[in-house]
């Protein structure tokens, strides 16, 4: 029988606290995107300052990407597990504070010599990745546990969409700071970089910590989620008190007439029983996240070509350091406005109308078509014609990633597992995804380059892009056969684990999911009954 406080959460009308939770939870994702996407224009400044040229060596760029993503893997695993062991709220502020301090640390980077700056920047980028990784499972889990059943997907999608606005903010701040420094510098020429440029990139990095720092107090003031308090800590009275403070319900409506007497399931995360009940779900979430991140983070393959076409040959005039960073940031802002943010918004609108699985299928299939459209004729056409058609296809990859698996892989793990495993399994899924990101951003980047010149190799690019198309098709297959639809389903359906014949339960659930997805929730309830 469902607890009153949890039933009240499932049926609660959308109210002020839901929007407040979206901002509080979303600001971590905002900071995440800001810090990751401000790096490409800043690398242009760092290249001019420390290498006397616009391009930082590929080895340095790859190392910075690798360290940030490695930190993210560790953060997702560690903070995800802590979120289930000691509570979401208790570690939520720690993840945000780690992001704030490491963002400031990236800006200071201790010293001014090339080697020292890069080592320090790499260290703080790693710590930043740990904080970012920790924020993923906590933000998704907290939002899913506060949301009502009818609009839960839209609320979690709104949290994740803050990434798009973080990208736009990083580009805007970079453009503004570069123009201010350019105007205030006495001499700025294409062959001379002012010493003040070393301050500009540091300032841009540190400014990204301000929005996150402003929400730290509100994170500390958030109550623990009622689902964690009631289902994991088994304290229903406290859960009701917490929800009375933030939702428009009275204590009389959510107080239980009888104490909670059921004993929680005893199996552990690494047990066979967990694998029987939830192994398929964990596989589907992890595999889909891995596959989409391989493709999504391989955007570095495109970026170098677009920068070369639209920036490096900006007319016949070589740009100065500030102008070059400005042009890269402007390009990122255009992509964010035209494809990234619209992808998030379309998902927000449709996620609770057509479901997670359909959106994920549409995204994977459309991404595969785009990669094939670029990859198959690349050597014969796109290599020499990086025109507006190429730019359009580039934008489509971001649109269908965000109106597709990049968003849904963040949502589904926060809905598909019991409360005592929810944060952990989201962290595991995300960590596996970030391993895919390392392969996509570092592995494919090197595979598609000429190792002597460092420039894109036409044959390598063709092969890499076709492989990425196949990767997206594999994601389509995994989604169709293994991903369970969670739209309209209460999170507490995952707590009904008293069924002794779990093997038969899982078999029937898999069967109903693959043959009749839209009615799977109703069928499962009939089985349990």
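Count begins at 1; order follows the chain as displayed.
Including glycine, each Cβ sits where the backbone N, Cα and C put it.
What you are looking at is a predicted structure, and each value in this text was computed from that prediction instead of being measured.
Annotation comment: TrEMBL describes 21-487 as domain 'Major facilitator superfamily (MFS) profile'.
Through the fold, the transmembrane segment (21-47) approaches residues 53-56, 61, 64, 68, 95-96, 99-100, 103, 106, 117, 128, 132, 135-136, 138-140, 142-143, 146, 155, 158-167, 169-171, 173-174, 178, 193, 197, 200-201, 204-205, 208-209, 211-212, 214-215, 218-219, 222, 303, 321-322, 324-326, 328-329, 332 of its own chain, all at least 6 residues removed from its boundaries and within a Cβ separation under 8 Å. Feature annotation from TrEMBL assigns transmembrane segment to 21-47 (among others).
The transmembrane segment annotation in TrEMBL covers 59-79 (among others). Sequence-remote contacts of a segment are chain residues at least 6 beyond its ends whose Cβ falls under 8 Å from one of its Cβ atoms, and for the transmembrane segment (59-79) they are 36, 39, 43, 91, 94-95, 118, 121-123, 125-138, 297, 300, 423, 426-428, 430-431, 434-435, 437-438, 441-442, 445-446.
Counting same-chain residues at least six beyond the ends of the transmembrane segment (91-110), those with a Cβ under 8 angstroms from any Cβ of the stretch are 27-28, 31-32, 35, 75, 79, 82-83, 116-117, 120-121, 123-125, 127-128, 130-132, 134-135, 138, 142, 202-206, 208-209, 212-213, 215-216, 219-220, 222. TrEMBL lists 91-110 (among others) with the feature transmembrane segment.
Marked as transmembrane segment by TrEMBL: 122-142 (among others). Tertiary neighbourhood of the transmembrane segment (122-142): same-chain residues 21, 25-26, 28-29, 31-32, 35-36, 63-64, 67-80, 83, 88-89, 91-92, 94-103, 105-106, 109, 156, 159-160, 222, 225, 410-411, 413-414, 422-424, 426-427, 430-431, 434, selected by CB-CB distance under 8 Å and a gap of 6+ residues from either end.
Summarising the annotation, TrEMBL assigns transmembrane segment to 154-177 (among others).
Nonlocal intrachain contacts for the transmembrane segment (199-218), taken as residues 6+ away from its ends with a CB within less than 8 angstroms of a stretch CB, comprise 20, 23-24, 27-28, 30-31, 34-35, 38, 42, 45-46, 49, 93, 96-97, 99-101, 103-104, 106-109, 169-170, 173-174, 177-178, 181, 322, 325. Sequence annotations record features per position, and here TrEMBL assigns transmembrane segment to 199-218 (among others).
Among the features that TrEMBL reports, transmembrane segment is placed at 282-311 (among others).
Sequence annotations record features per position, and here TrEMBL assigns transmembrane segment to 331-351 (among others).
TrEMBL lists 363-382 (among others) with the feature transmembrane segment.
The transmembrane segment feature in TrEMBL is assigned to 388-412 (among others).
TrEMBL lists 424-446 (among others) with the feature transmembrane segment.
Nonlocal intrachain contacts for the transmembrane segment (458-482), taken as residues 6+ away from its ends with a CB within less than 8 angstroms of a stretch CB, comprise 280, 283-284, 287-288, 291-292, 294-295, 298, 301, 357, 360-361, 364-365, 367-369, 371-372, 374-376, 378-379, 383, 405, 440, 444, 447-450, 514. TrEMBL lists 458-482 (among others) with the feature transmembrane segment.
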I'm a bit unsure how to read this: which one of 154-177, 331-351, 363-382, 388-412 has the highest number of Cβ pairs shorter than 8 Å with the transmembrane segment (424-446)?
388-412
Lying 6 or more residues past either end of the transmembrane segment (388-412) yet within Cβ distance under 8 Å of it, the residues of that chain are 136, 140, 144, 153, 156-157, 160-161, 164, 285, 288-289, 291-292, 295-296, 299, 302, 305-306, 309-310, 335, 338-340, 342-344, 346-347, 350-351, 356-357, 359-360, 362-364, 366-367, 370-371, 373-374, 382, 429-430, 433, 475, 479, 483, 486
Over the domain 'Major facilitator superfamily (MFS) profile' (21-487), what is the model's mean pLDDT?
86
Same chain only, please: residues at least 6 beyond the ends of the transmembrane segment (331-351) with a C-beta under 8 Å from a C-beta of the stretch. Say none if there are none.
37, 40-41, 153-154, 157-158, 160-161, 163-165, 167-168, 170-172, 175, 306-307, 310-311, 359, 394-396, 398-404, 406-408, 411, 487
